[in-house]
Amino acid sequence: IRCSGSRDCYSPCMKQTGCPNAKCINKSCKCYGC
């Protein structure tokens, strides 16, 4: 998932992991579990 900021990752990661824990690293999202 491409992103410009961590905020861009919250909803896609919420769908993937069920949790909004996410960071934008090198313009792509990194999802973390709960």
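Glycine is no exception: its Cβ is also placed from the backbone N, Cα and C atoms.
Candidates considered were Cys19, Cys29. The record in Swiss-Prot pairs Cys9 in a disulfide bond with Cys29. When Swiss-Prot is consulted, the disulfide partner of Cys31, picked from Cys13, Cys19, turns out to be Cys13. Per Swiss-Prot, Cys24 makes its disulfide bond with Cys3 among Cys3, Cys34. Cys19 (disulfide bond) has Cys13, Tyr32 nearby among the recorded positions Cys3, Cys13, Cys29, Tyr32, counting only those with a Cα within 10 angstroms of its own Cα. Looking only at other Cβ atoms within 10 Å, the busiest spot among the recorded positions Cys13, Cys31, Tyr32, Cys34 turns out to be Cys13. If you draw a 10 Å sphere around the CB of Cys29 (disulfide bond), it holds 18 other CB atoms from the protein chains shown.
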